[in-house]
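As recorded in TrEMBL:
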type	residues	note
BINDING	8, 9, 10, 11, 12, 13, 70, 71, 72, 73	NADP(+) binding site
BINDING	57	NADPH binding site
DOMAIN	5-99	domain 'Pyrroline-5-carboxylate reductase catalytic N-terminal'
DOMAIN	162-266	domain 'Pyrroline-5-carboxylate reductase dimerisation'
Ligand SMILES: NC(=O)C1=CN([C@@H]2O[C@H](COP(=O)(O)OP(=O)(O)OC[C@H]3O[C@@H](n4cnc5c(N)ncnc54)[C@H](O)[C@@H]3O)[C@@H](O)[C@H]2O)C=CC1
Ligand SMILES: O=C(O)[C@@H]1CCC=N1
């Protein structure tokens, strides 16, 4: 597409997203501009991705058709007030901040500025992200398709009502952390069994990757897939019984609940 894409903030998420946009050749690198307050980070990102960087957030919004706000939630208000009068005509603001609601964006932007709430996750770094975009009637079909094509460069995208965003943050935005913890714990168990640590991480990660692919590609219920692994009087059912005894599933359900609660609490 022939549009300019801007980033405010050059941290983890911005780098994940810009890397995917460039890899997918969605726009040429000269159509990407990014700002950050840290000079060394700007320099690194500019060199790595061959894009224009600046210390001036206003320069980004003056130039960009799509602006991705990749800053921490606590600086949103400051940055929105800084940029709101300089946004390009028809420029669209994509907010990825956890707990930043559409009503907060509306309140801190000028009337007529278009914005949308998006929640990505870090697997975007390897093109396997899972993003949600909040339903809105603010955009033309072309604009909404362009938003989806940006998000689809780094994985899958679901369009959901905004009230589901806190739950989505818990099951997708934050969930890579829980999966990494499980991989780490599986590897610890393997080391206990005499498998070298480096191999253990590969084995555990590939088992998680393969299992996730089975859910996505077979369409079978996760419980049916689990049942297929459990041979009668075999090894797996002992592990399943142990996990149930130790509250594995309820621990995860509770983690998702407290995470969504925190996202709601952060919502302004
Ligand atoms: N890390 C994650 O897994 C996910 C993060 N998010 C959201 O993405 C946003 C960014 O998160 P990360 O990339 O992890 O944070 P980060 O801390 O890696 O990046 C934020 C960047 O913003 C820069 N910055 C701070 N103040 C600024 C200002 N006034 N103007 C321009 N740049 C400024 C910082 O120097 C930093 O490089 C957050 O709002 C977070 O809620 C959303 C989904 C997943
Ligand atoms: O922990 C956080 O606040 C962010 C939002 C989703 C993932 N990381």
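Easy rule for this one: first residue shown is 1, then count along the chain.
Every residue gets a Cβ built from N, Cα and C, even glycine.
A TrEMBL annotation is a machine prediction, not a hand-curated record.
Here the structure is a predicted model, which means the values were calculated and not measured.
Features as recorded by TrEMBL, highlighted on the structure.
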residue : record               : Cβ contacts under 8 Å, 6 or more apart
8       : NADP(+) binding site : 34, 35, 57, 60, 61, 67, 68, 69, 70, 71, 79, 83
10      : NADP(+) binding site : 34, 35, 36, 38, 41, 42, 45, 53, 70
12      : NADP(+) binding site : 122
72      : NADP(+) binding site : 9, 97
| Extent of the NADP(+) binding site in Å [max Cα distance among 8, 9, 10, 11, 12, 13, 70, 71, 72, 73] | 14
| Within the domain 'Pyrroline-5-carboxylate reductase dimerisation' (162-266), how many residues are helix, strand or coil going by DSSP? | 89 helix, 0 strand, 16 coil
| Residues in the domain 'Pyrroline-5-carboxylate reductase catalytic N-terminal' (5-99) grouped by DSSP into helix, strand and remaining coil | 44 helix, 19 strand, 32 coil
| request: Compute the average pLDDT of the predicted model within the domain 'Pyrroline-5-carboxylate reductase catalytic N-terminal' (5-99). | output: 97
